[in-house]
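Worksheet: the structure to be examined is printed underneath.
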Amino acid sequence: MALMLDEEMDENVTTIKVIGVGGGGGNAVNRMVSDGLQGVEFIAMNTDQQALAKNHAATKVQLGSKLTKGRGAGADPEIGQRAAEESKDEIANALKGSQMVFITAGMGGGTGTGAAPVVAEVAHDLGILTVGIVTKPFSFEGKRKMGLAEQGIANLLMHVDSLIVIPNERLKMISQEKITLMNAFQAADNVLRQGVESISALINVPAFINLDFADVRSIMKDAGYAHMGVGSAKGAGKAENAAKAAISSPLLETSIAGAHGVIINITSSPDIGLEDVETAAGLITQSAHPDANIIWGTAFDENLSDEMRVTVVATGFDNKAADGLRSSLNNAAGAGASTPSAVFSSDVSGAGAAKQQPAAAANSAAKPVEEESSDNRYYDELLAILNKRK
């Protein structure tokens, strides 16, 4: 009987894979492997054979070996896209058997920007819950790179269930003291690591009030932009402080204001007071939409002693995701962002004119602001597409 129970538990474990695409995504995977993150499988995908050989992921996929000869995408997203399309079968084989994937990449380069939407499309077509976590460039990296990043994000949004964006510019906000470049990127990677670690534990680790994969899927499936935060605090006011930290990260473009779907997971010592749980959950609930679907669970960890940890996943922001993308595109337009001379199409599958519209919107960001103010049809088309996802 015990053996049968063990087998059933193994079958019920949700397989979660983290895919690092391109140089930035590969670096994020390396840091998570070095940190000893458990409960997930790591995959690195790159056009650069040398970078791939140095990656610590257990599974590696070279993208577009015929196209690029292992030499990378040369900062050209179109090359990255075509390389991923060449390797769709290898991508699918690496993703098979997973129920949830996190795709991480740095937007603005060649492989991450061009290939990540293709990887997401393959995952989504396999019925896998697909979450993207990507970064946007620093302002000093130039207008062209920011324009490419905005277009890549628009393309990726069409193929993921949920998308979390970390602007590198906000990494300056994590400390008032001088911060090193290494520490800045580690802070961005921590958003991914904490989110992956928390969701993996939330799904696969038995708890007092249990949450499962169906709960996560119900909140994150076809949800658009998402907020994922983890907060912890000790001592007096720990419930309020942990909850506030979870719902408002200075590194993210989102808060949970107006969210229609929210997962709350509270981890603490077994002697946690009911008033602390009520304080944390109540603060989060008040910040979301009044009619939000709130799913919550709690787990006990005797090692936490006086500490409380709060994990929040929030989605369903009405038109806030579209408004945020519109704002980003307008900002890129105001900065005179330019797009590459080669056509970087958002229709990575080669089918469906509708999927080309976000790329058209991103391309329109390169036009002068005066043109945008007189003609917003690209943005209106983008809003219509995003609203269809609801």
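Using N, Cα and C of the backbone, Cβ positions are placed for all residues, glycine too.
Nobody curates TrEMBL annotations by hand; they come from automatic prediction.
Annotation comment: TrEMBL describes 15-207 as domain 'Tubulin/FtsZ GTPase'.
Per TrEMBL, the feature GTP binding site maps to GLY23, GLY24, GLY25, GLY26, ASN27, GLY110, THR111, GLY112, GLU141, LYS145, ASP189. Following the DSSP three-state reduction, the secondary structure of ASP189 (GTP binding site) is helix. Long-range Cβ proximity for ASP189 (GTP binding site), meaning a same-chain Cβ under 8 A and a gap of 6 or more residues, is found for ASN27, ALA28, ARG31, MET32.
Positions annotated as domain 'Tubulin/FtsZ 2-layer sandwich' by TrEMBL: 209-326. When averaged over the domain 'Tubulin/FtsZ 2-layer sandwich' (209-326), pLDDT in the model lands at 86.
Marked as region 'Disordered' by TrEMBL: 346-375.
Positions annotated as compositional bias 'Low complexity' by TrEMBL: 349-367.
Sequence-distant contacts (6 or more apart, same chain, Cβ under 8 Å) of GLY23 (GTP binding site) comprise ASN46, ASP48, ALA51, GLY106, GLY109, THR111, GLY112. Looking at ASN27, THR111, the binding-site residues in this record, the fewest other C-beta atoms within 10 angstroms of the C-beta turn up around ASN27. For GLU141 (GTP binding site), the same-chain residues 6+ apart in sequence whose C-beta sits under 8 angstroms from its C-beta are GLY108. Just so you know, the Cβ of GLY25 (GTP binding site) picks up 32 other Cβ atoms within 10 Å once every protein chain is counted.
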